[in-house]
Amino acid sequence: MEKKRSETDMEPPAKRFHTDHQAAQLASYKGTPLELKCINTIRALAADMVQKANSGHPGAPMGCAPMAHLLWSAASAGGAGRNHSAACPHWWNRDRFVLSNGHACALQYIMLHLSEYEDCSMDQLKAFRQVGSKTPGHPENFLTKGVEVCTGPLGQGISNAVGMAIAAKHLGANYNTPDFPDIISSKTYVICGDGCLQEGISGEACSLAGHLGLGNLIVLYDDNQITIDGSTEISFTEDVNKRYEAYGWQVITVDDVANGLDDLRAAIEEGKKTTDKPTLIKVRTIIGYGSPNKQGKASAHGAPLGASEVEMVKSRLYGMDPMKSFFIDEDVAEYYKQQMAEGEIARAAWEENFAKYKKANPEKAAELQRRFNLELADGVFDTLPTFVYGKDKADSTRKFSEMCLNAVAPKMPELMGGSADLTDSNYTAIKGAGSFQKGTPEGTLISFGVREHAMSAICNGMFSYGGMRPFCATFLQFAGYAMGAIRLSALAKYGVIYIMTHDSIGLGEDGPTHQPVEMLESLRAMPNINVVRPADLNEMAAAYQIALTCVNTPTVICCSRAGVSALEHSSREMAMKGGYTILPEVGEGAPDLILLSTGSEVGRCVDAAKALSEHSIRTRVVSMPCQEIFLEQSEAYRRSILPGNVPTLSVEAGAEHGWYRWSHAQIGMTRFGMSGPLEQLFVKFGFDAENVASKGKELVEFYKNLGGNVPDLNARPSFDSFKGPAH
């Protein structure tokens, strides 16, 4: 007689596999079933997103899901109590969140979706990493509401977070009052990975954060012990805890979040209570948690798990159905909806408090509103200095920069920053401004130390926070050390002001290690950045007006160490156009020659033009302090300055490559410089007035010998000008 099968025996094998593993996970989990289900929903969605995109990083989101769950849960639900608002993503006093390991961005998009942020609908999760979606392959602040900063290159995000914490501490110190202590009181939370901590920039930034005692900064370190190349044992075996303790941080270790969140919850609460130092919570996670064949392995890092593996992941995770994709159960959705309701209550309470603050402190409130709206104070440019020819003495443009900085600073309390240990060389001290230190957070001058890269990333974070116009300074050559963060200023549309001195071989005896022959062109090649190289005080005033007006574009102000000649026809108004005629040709008709130049070389071109006039060569001198601004002018204006069919010689003590679009011949640097006195170097490399005049004369004669047939630089074709068939 055949034995009767039980109901369990009759279940398909996949169903039994699903039931057994899920029951085991729930049994071992030290928390509520709903909490575990929420965390598993995040894991399953991450696996689905990467699988559908056939691209991305599923492992970190799956391992970090418990951390994200706590950070998006209100304090009343046993979470981190991180206040934020989907209805008002730019609420001033929201707690900032930075996903420093930006490759794990599926995690952030999932949390924004669960929190009902409009840019992360379910359709957007399904469009992960696709053209035109709001869920790109790394977080982009200008594209997705709820994303604070662009965290692409590792180490940038945690460094940005230091800037956010500085901004919050500074604003709170200046605008909070005894009766209103929480107008600006936000905290900044970070999730980062071992890659972030291996990058040198994070060490620079976190060292400064410890020195400054930024108790409003809490970092959750995803210690999954896996890199792309394999185990961290092959390259990263230092004691991170001891390093951060040496930086002056509070360090807490949490050994397990896969089986419960009590320890992490307690660690976050301890971080929130500690106000005199930042907190690093080292959290042991398992990359790709739930994947039977890939969890804990490098194979879970940067590639889809595979369709069959994703199905097995869901079969093992409590509350998941392996047959469903992009699925959120009603109780999970309702849970996160309640958390957002708590956030809206906090925002409403803050807004009610701010309304009272506004009545009690109308001037402070108005100034805060102006600052967060990125509006300039009335008359901020009225006190910018003007150079008077024949009266004022020549000086270095770095000194002119100091004059302009101090002219606008009294009307711009949002202007905050400093130098990378070069204040007396960059001339970035603001008279009467206090130093921002642990005990004096109301100060506006930051001593960044010798930390060029972190300095720039910190300024990005300050700008991102809101209400700030950060500036930072170093030698122009050391922009190379900071280039990663400068690039992100441009990408993220942050109006950070970079003051870069010692801008050419004209810095003299320090030699080629300090002489930035290629740096101007490196910066000009970058989209959305203004590179300004003023020739005198009037042009420097224009540079500051450009920098402060362009709130969505960073500006690099390049300053000379050596003195510059007095320029009779310089003009702030005209320099604001990016390029203009600083010495007109004598007589009627088109000039015979145009000398085109920037910075300290403009005065030498003026001298050369005067010498050429003795040879009856009618020479126009054009100063082009900012190519980017010049390109924004009308074509008619650009042609009025540079007709294109007049022999044009560019003169700049830097790489000549970018000048091909503007000139028929170039005097520039084609090699590294050398040590020596400035004037000797300028003669050796051909930037003296005598050589400029000689080369200008040769250029005129060259085209005369060709019958005056000068190629029109404005008529060179581009792909946009071709009228080919539509594609």
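Every residue number used here counts from 1 along the chain in the order it is shown.
A Cβ is built for glycine as well, from the same backbone N, Cα and C atoms used for every other residue.
Unlike curated records, TrEMBL annotations are generated automatically.
Note that the structure is predicted; figures quoted are calculated from it, not measured.
The substrate binding site annotation in TrEMBL covers HIS57, HIS301, ARG398, SER425, HIS502, ASP510, HIS514, ARG561. Look at TrEMBL and you will find HIS57, HIS301 tagged as site 'Important for catalytic activity'. Residues or ranges marked as thiamine diphosphate binding site by TrEMBL: HIS103, GLY152, PRO153, LEU154, GLY195, ASN224, HIS301, PHE478. Taken from TrEMBL, the feature Mg(2+) binding site covers ASP194, ASN224, ILE226. Feature annotation from TrEMBL assigns domain 'Transketolase-like pyrimidine-binding' to 395-566. Here TrEMBL flags GLU452 as active site, proton donor.
Sequence features annotated in TrEMBL and their locations in the structure.
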residue: HIS57; record: substrate binding site; contacts (Cβ under 8 Å, 6+ apart): VAL50, HIS103, ALA104, ALA106, HIS301, GLY302
residue: GLY152; record: thiamine diphosphate binding site; contacts (Cβ under 8 Å, 6+ apart): GLY102, HIS138, LEU488
residue: PRO153; record: thiamine diphosphate binding site; contacts (Cβ under 8 Å, 6+ apart): GLU199, GLY484, LEU488
residue: ASP194; record: Mg(2+) binding site; contacts (Cβ under 8 Å, 6+ apart): TYR221, ASP222, ASP223, ASN224, GLN225, THR227, THR232, PHE236
residue: ILE226; record: Mg(2+) binding site; contacts (Cβ under 8 Å, 6+ apart): GLY59, THR232, ILE287, GLY296, LYS297, ALA298, ALA300, HIS301
residue: ARG398; record: substrate binding site; contacts (Cβ under 8 Å, 6+ apart): SER425, ASN426, TYR427, THR501, HIS502, CYS559, SER560, ARG561
residue: GLU452; record: active site, proton donor; contacts (Cβ under 8 Å, 6+ apart): ALA420, THR474, PHE478, ALA479, TYR481, ALA482
residue: ASP510; record: substrate binding site; contacts (Cβ under 8 Å, 6+ apart): HIS502, SER675
Within a 10 Å radius around the Cβ, which one of these binding-site residues has the most neighbouring Cβ atoms: ASN224, SER425?
ASN224
Judged by other C-beta atoms within 10 Å of its C-beta, the most isolated of the binding-site residues HIS103, HIS301, HIS502, HIS514, ARG561 is HIS514
Mean pLDDT across the domain 'Transketolase-like pyrimidine-binding' (395-566) comes out at 97
Distance check, please: Cα of HIS514 (substrate binding site) against Cα of LEU154 (thiamine diphosphate binding site), rounded to an integer number of angstrom.
27
For the Mg(2+) site given as ASP194, ASN224, ILE226, which other residues of the same chain have their Cβ within 8 Å of the site's Cβ centre?
ALA60, GLY193, ASP222, ASP223, GLN225, THR227, THR232, THR285, ILE287
Number of Cβ atoms other than its own within 10 Å, given for LEU154 (thiamine diphosphate binding site)
21
